[in-house]
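> First the structure, which I've put down as structure tokens, then a few questions once you've had a look.
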Amino acid sequence: MSGSFSPCVVFTQMWLTLLVVTPVNGQHEAAQQSVVSLQPPWTTFFRGEVVTLTCYRFGFSVPQKTKWYQKRKTVKQTPGALVIKAHTLKVHESGEYWCQADSLLPSMHVNVEFSEDFLVLQAPPAVFEGDSVVLRCYAKKGIEAETLTFYKDGKALTLHPQSSEFYIHRANLKDNGQYKCTSKKKWSFGSLYTSNTVVVQVQELFPRPVLRARPSHPIDGSPVTLTCQTQLSAQKSDARLQFCFFRNLQLLGSGCSRSSEFHIPAIWTEESKRYQCKAETVNSQVSKQSTAFIIPVQRASARFQTHIIPASKLVFEGQLLLLNCSVKGVPGPLKFSWYKKDMLNKETKILKSSNAEFKISQVNISDAGEYYCEANNSRRSFVSRAFPITIKVPVSQPVLTLSTGKTQALEGDLMTLHCQSQRGSPCILYEFFYENVSLGNSSILSGGGAYFNFSMSTERSGNYYCTADNGLGAQCSEAIRISIFDMTKNRSVPMAAGITVGLLIMAVGVFLFYCWFSRKAGGKPTSDDSRNPSDSEPQEPTYYNVPACIELQPVYSNEPEENVIYTEVRRTQPRQKHADQESESPRSRCQMAEKK
């Protein structure tokens, strides 16, 4: 265990602290406490020598104000202790010393001893595993190295070559024990000098690390952070550690690093295996490994949320259809695919967030069907429940017709209105109107339109129309005007027509009778011997173109006892001399009663 280490290199600064530590990133950062250092880094000296104590703030910064203590009293300028600077104290008197930097907690106590013996064994105040330790056998006067002997627990230690320094490389628990040294007196035979006894107790530099996972129960595919937790000894808080992480004894990442954390972007159920970490000093003097730790990876449970615009899942042809899929409980990044039934539909998006949209600017009837989205995180696929999308065709302008085909009706007639849209998805609501007043409505689930029956009345004469609506908005038909006749108010019309026709018939009858009578009067009368004059009477010639009858007004009176004598009065007109007249006009005859 001998070597050629120089104590000035190994123990140039030995930081002695009494620290309260808190875990930070696996190592431990000292709380705000004061720190004391010794130079030279020993605790045993010969009387008359001087040791320098220096007080620092934690982190080895120079404090603004320092207080030194010995035996629970404040150290002032005394013959035994000389204050050189505010944070430095030179000591040549045995005792316990500590300091307080500014308002921090006091440092640990340092026990400094000044001996009057001829031979002393000098050792550092503390030994930690992995340290390179020097034990120096030191005499007041020069001694010959070949006369020195080191002992551990009463057993002599062999040094090659012989030296006044004993080296312990990579100190560990097997180096614990009681050490001392002896030397022969110069020019003396059989006389030995024996040093003081130093107890070496190798302290643990840091405990065995513990591996932690955050989160402790990760979800399949989610990121995980592994932390290798350990705690450096308070007096060795300036030691530098590095950390390594393993899965099934295979080194993770690019190797060991100063970070006590290792990030796994995604952990899967098949990787739920044995994990370990290792903490070691940068020079690999001390290395410790954690126990195996199995990370319980849970299967991901996808919770889908789908948002649809329009929210009713009922879309009219030509409208916008917007589908949005969001997933919780599944780690990303995710790739989203939209499916219609069993076939991939048009558009796929890859997003770092857990949202994806699928958009159809103008839907048509072929876009109807069941849709679902799929989220994939490169290892797992998660599928949402399918939801139906119904595409409706807006109704066209309806056509209003009459069953009779006539727009005129009599009061009391039964009328049937028929309203039908040639295009439109059911269910269609038809409504009938008279002069903007609703008459009734009907919902039709299939084609054929709707009918409305009503009995006409005088007040129902006017404009009729209908509307059709299947959810997008009502479409209005052209108006039909129906005229109504009231027979009780219009009898004068047929009566006047009847009278006119009757008068015409009577006029025609009178005219025909007149013609007949005139023709009858123009013929020769039947001979009557009793009434005709004798044949010897000269007869006046008769002419045509004379009035048929000239009424004579006789003056007579009837006496009851006398006989009535009928006379015939004949009037003749002179013959016209014009030769162009063809015949004689018939004689007019009028009969009258004459009194004798």
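Even glycines carry a Cβ here, placed using N, Cα and C.
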> From the disulfide entries in Swiss-Prot, identify which of Cys277, Cys373 pairs with Cys325.
Cys373
> Could you tell me which of Cys8, Cys99 is bonded to Cys55 by a disulfide, according to Swiss-Prot?
Cys99
> Quickly, which of Asn324, Asn453 does Swiss-Prot have down as N-linked glycosylation site? Just give the residue.
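Record lookup in Swiss-Prot returns N-linked glycosylation site for Asn324.
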> Which one of Asn436, Asn441 gets the tag N-linked glycosylation site in Swiss-Prot?
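My reading of Swiss-Prot gives Asn436.
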> Would you mind checking which of Cys137, Cys181, Cys228 shares a disulfide with Cys277 in Swiss-Prot?
Cys228
> Here's one to test understanding: among the recorded positions Cys137, Cys277, Asn324, whose C-alpha is closest in space to the C-alpha of Cys99 (disulfide bond)?
Cys137
> Where Cys228 (disulfide bond) and Cys181 (disulfide bond) are concerned, what is their Cα separation in Å, rounded?
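One finds 42 Å between the Cα atoms of these residues.
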> In whole Å, note down how far the CA of Asn324 (N-linked glycosylation site) lies from the CA of Cys277 (disulfide bond).
43
> Taking Cys373 (disulfide bond) as the reference, which of Cys137, Asn324, Asn436 (the recorded positions) have a CA within 10 A of its CA?
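If one measures from the Cα of Cys373 (disulfide bond), the recorded positions that come within 10 Å are Asn324.
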> Measure from the CA atom of Cys419 (disulfide bond) to the CA atom of Cys55 (disulfide bond) and give the result in Å, rounded to a whole number.
104
> If you run the three-state DSSP split on Asn436 (N-linked glycosylation site), which class comes out?
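Assignment for Asn436 (N-linked glycosylation site) reads coil.
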> What Cα-Cα separation, expressed in whole Å, is found between Cys181 (disulfide bond) and Cys325 (disulfide bond)?
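On Cα coordinates alone, these residues lie 81 Å apart.
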> Summarise the model confidence on the domain 'Ig-like C2-type 2' (106-199) as a single mean pLDDT, whole number.
86
